[in-house]
Amino acid sequence: MDVNPTLLFLKVPAQNAISTTFPYTGDPPYSHGTGTGYTMDTVNRTHQYSEKGKWTTNTETGAPQLNPIDGPLPEDNEPSGYAQTDCVLEAMAFLEESHPGIFENSCLETMEVVQQTRVDKLTQGRQTYDWTLNRNQPAATALANTIEVFRSNGLTANESGRLIDFLKDVMESMDKEEMEITTHFQRKRRVRDNMTKKMVTQRTIGKKKQRLNKRSYLIRALTLNTMTKDAERGKLKRRAIATPGMQIRGFVYFVETLARSICEKLEQSGLPVGGNEKKAKLANVVRKMMTNSQDTELSFTITGDNTKWNENQNPRMFLAMITYITRNQPEWFRNVLSIAPIMFSNKMARLGKGYMFESKSMKLRTQIPAEMLANIDLKYFNESTRKKIEKIRPLLIDGTASLSPGMMMGMFNMLSTVLGVSILNLGQKRYTKTTYWWDGLQSSDDFALIVNAPNHEGIQAGVDRFYRTCKLVGINMSKKKSYINRTGTFEFTSFFYRYGFVANFSMELPSFGVSGINESADMSIGVTVIKNNMINNDLGPATAQMALQLFIKDYRYTYRCHRGDTQIQTRRSFELKKLWEQTRSKAGLLVSDGGPNLYNIRNLHIPEVCLKWELMDEDYQGRLCNPLNPFVSHKEIESVNNAVVMPAHGPAKNMEYDAVATTHSWIPKRNRSILNTSQRGILEDEQMYQKCCNLFEKFFPSSSYRRPVGISSMVEAMVSRARIDARIDFESGRIKKEEFAEIMKICSTIEELRRQK
């Protein structure tokens, strides 16, 4: 049957048609090779935006630094980073005037956090620059390595387990004349294989001690490693993102805690909330502006875009903001918070892996590491790369580039939002002292500006005033990329507003489908995504039912688990048919065992195992939920797991799903090839670290998880906990006298071993 496509839209309000404009099918682009070029672009661009600033030299590291603060006022529309200190401070003062007590209260909240946060906060996050090995590592490993090096250099404040004490060690480490570190290296030898008589490369892993003098250590402590941002849609060029080391991370965390606390109290801030809460918050601002403009005023909204937000921000400005925000607070608190911006003013950008060269004629490939770029002959490079290298050379030290201005992506999102909101706040009539006034929304570098005025000239004047005010604090609104419209239709952080925020369901399309973790998790994630979209994104019942059927189909094809009575032949069908025939209650079989699908849109919230439990044959139950099953490398599954879901646009979302541990919750074994590289020692450290943490969690299950306070070690905490639990269990008759005695004996043995060590 032919369908006239216009019929589809007869009953649909125009704003709901947005889901049909979805451009992002297929995989997003990923980067390959080295990010060195992108990082050089960032460094060079950042310096270009601030080129009229003053040059100085860092006395400790010898790095040349450019300071654009209080530089010349811009005379054209080119982006620039010349923020004026007094303007920023005045904007802060006005923000405080219109929100009495906001800074004071946020400081008190943050002070409490500072005193309570433990070092393990820094284990969150994925890749982190590990300064001891000079490359990226998982956060937990990088932290463990840092603490290990600190302790072997006599820095032990961190043993209390408080983050603030770890940061004391960081400060002290910077005063030391030298730091001794252990590095991993690998030796390669050519040996003849006894069996095949061929020559093979044998690798051995070694650890060696290395001393870093003060200058080298400081350079590493101030280094941000760079990578290429992956999976960015809608861009032809890739760009670089930064990952800081452990010395900077803790300080940044406290600054962002303060800024987050301030953002929570600002109605114009799109951070730190998300989803429906964010939509509600923002809709209020729009409603306020529209209500006030109904009778006499015009109201226009700019869907805003800023040029190179990060590269024009300046850590020195953030220092000024923090100094103002914390002005009545205790000295120690002000010091802790001012260290992050100071470190960022002296930061170094690591250029990454360097360049790969290959000679077609000689079949040779060679890597030019970033360290060599300072003095290699430039005749080997093409013209654009040559220009980049020439430009960056004066800034290079040991393969890192001095980068004083600019912020690097994603470092101070909350604090930069506070700066943006402070300019939006200046739009109140009592500040503009004229007929036009403005308000708006800010979320990191994204903004929407709503201007009200009696006539079009007033609107234009308001926009111009906003534009120029932004310039004074280093924010550059892009006139080319911003779009003005009657209030009621605009876009902000990929939310489209048309008389209310429109559910753009198509953005979630990439997250539908089979994730590929394992049979158990995939089923759970799949139905949870459908459930969440019914709640949040106007996914209607008929469409949801169809999505569910498509998902089940997709799932069966992925895991080759078609129903036991199907005609489809796959590698698994022989086994599944056999299971089908010998099962009495066929409805009890999981879909991944060839069973029928019992999900419909009413029961998506129930894990499949629970949904079918009553319908299962007893022996099937016994096989399915058998922790001793030898074929499954079992991980303990919390009742709630987290999956990372990729929408089409914007950051990956963390989504919770229910997980019931069955024999389908397998984890694939780790690839063997890593075991032959210099990573191996690190991998072993990481596994040991993991085991210790898991054991600790056993003693302090999350339900009763009160972290042991005081300066007890993990072992002491676990032993004392074991004794308390054993006594309670013994007195209530849950364990026998012999068992109680045995536990006490083990505890004493552990303590004895610790003393001997």
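The backbone N, Cα and C atoms fix where each Cβ goes, and this holds for glycine too.
According to Swiss-Prot, the feature region 'Promoter-binding site' maps to residues 249-256, out of the candidate ranges 137-144, 249-256, 417-424.
The stretch that Swiss-Prot tags with motif 'Nuclear localization signal', taken from the ranges 151-159, 187-195, 268-276, is 187-195. Range 203-216 is the one annotated as motif 'Nuclear localization signal', of 35-48, 203-216 (source: Swiss-Prot). Sequence-distant contacts of the motif 'Nuclear localization signal' (187-195) (same chain, six or more residues past either end, CB-CB distance under 8 Å): 201-204, 206.
Mean per-residue pLDDT, taken over the region 'Promoter-binding site' (249-256), amounts to 97. Sequence-distant contacts of the region 'Promoter-binding site' (249-256) (same chain, at least 6 residues past either end, Cβ-Cβ under 8 Å): 110, 113-114, 117, 121-122, 125, 128, 163, 166-167, 170, 318, 322, 336-337, 339-341, 343, 411-415.
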